[in-house]
């Protein structure tokens with residue numbers, strides 16, 4: 001029998017029982033559930049990561065839906081327990097769902113929600129922050145000061161890299177990769193080289209424009225008497241690695257991108273290059289990275305994600321040329337509160353039988369606190385498999401998915 005788990009309860013007499021495996025930022029998500037007659041139970045256990053047994057105890061004998069976290073193992077065992085308790089809805093408070101066995105969810109008829117559309121700028125900002133911190137060796141210098149080692153200005157003290165006029169490389173020019181590229185181009189007047197399976201037309205137009213009617217950032221610089229920035233779509237990822245001074249990784253994680261950055265590809269990068277990863281930890285072979293950092297002291301890296309989170313590979317924490325932060329790319333107040341709201345509305349929408357939103361990246365209507373959210377699930381990743389109807393924004397009508 002599972003050990004009881006401590007909880008905080010809102011609206012104890014609510015008709016529908018919704019469990020959140022963690023306390024989440026803000027209170028709007030709670031209020032939205034309570035307003036729709038939900039009893040909300042929030043786990044208050046002092047554990048960073050809940051076990052499968054803990055979550056089974058939270059689910060109990062009756063549960064309509066669960067809001068979970070990407071650190072949890074949502075597979076056959078948990079979806080079976082949720083189904084037996086009458087639950088039909090689960091949502092990650094995350095855009096990624098590598099921790100979820102979607103096939104198992106389909107087997108038990110459980111909708112799986114996620115929270116895209118709210119993390120783009122926040123994640124890109126952290127990638128840009130790590131790029132700047134690594135290039136100017138800010139973390140090293142901060143530690144030097146705190147250790148009381150500074151006894152006066154020196155010509156060679158923490159000399160880093162100037163970003164202006166250098167080349168930023170982007171692997172994966174989707175929403176986050178393109179937002180990051182724009183920040184580095186406009187903020188530091190960097191040239192761009194990117195690799196993506198699909199052409200990033202909007203990003204290209206932002207850099208140089210492709211018609212007389214589009215006034216690009218490059219044209220703005222030229223009109224101001226400055227050297228315009230340039231862009232290039234690389235024919236291969238290796239071309240980006242060889243050319244760029246700062247490289248930021250923004251691919252999805254699948255079998256084709258596992259250890260995308262390995263010993264061989266690290267060797268192709270410039271000796272003083274900067275590598276940033278705010279995507280998924282296993283995209284980088286962390287053991288190979290540690291060895292590369294050790295052999296190339298002027299090569300620097302900024303990591304928000306790790307191969308075996310929450311752990312780092314041996315030696316990484318000792319590398320002064322590595323900046324490591326604990327998966328905080330989405331950790332702005334607005335974004336985290338928005339993620340909590342979207343996750344709650346995914347669960348609520350499935351409980352209420354709402355359709356799924358037609359564009360999961362266009363979520364502003366759900367986040368506007370001055371109005372009620374649409375009667376839809378913001379993002380259900382297995383909507384097609386479960387044949388959940390689709391909410392069409394134009395005309396506000398539902399269309400059954402084929």
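Positions of Cβ are set from backbone N, Cα and C atoms, glycine also.
A TrEMBL annotation is a machine prediction, not a hand-curated record.
Since we're looking at a predicted model, the values are computed, not measured.
TrEMBL annotations:
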type	residues	note
DOMAIN	33-355	domain 'D-isomer specific 2-hydroxyacid dehydrogenase catalytic'
DOMAIN	130-201	domain 'D-isomer specific 2-hydroxyacid dehydrogenase NAD-binding'
DOMAIN	204-329	domain 'D-isomer specific 2-hydroxyacid dehydrogenase NAD-binding'
Secondary structure of the domain 'D-isomer specific 2-hydroxyacid dehydrogenase NAD-binding' (130-201) by DSSP, residue by residue, totals 30 helix, 10 strand, 32 coil
The average per-residue pLDDT within the domain 'D-isomer specific 2-hydroxyacid dehydrogenase catalytic' (33-355) comes out at 95
Across the domain 'D-isomer specific 2-hydroxyacid dehydrogenase NAD-binding' (204-329), DSSP labelling yields 40 helix, 22 strand, 64 coil
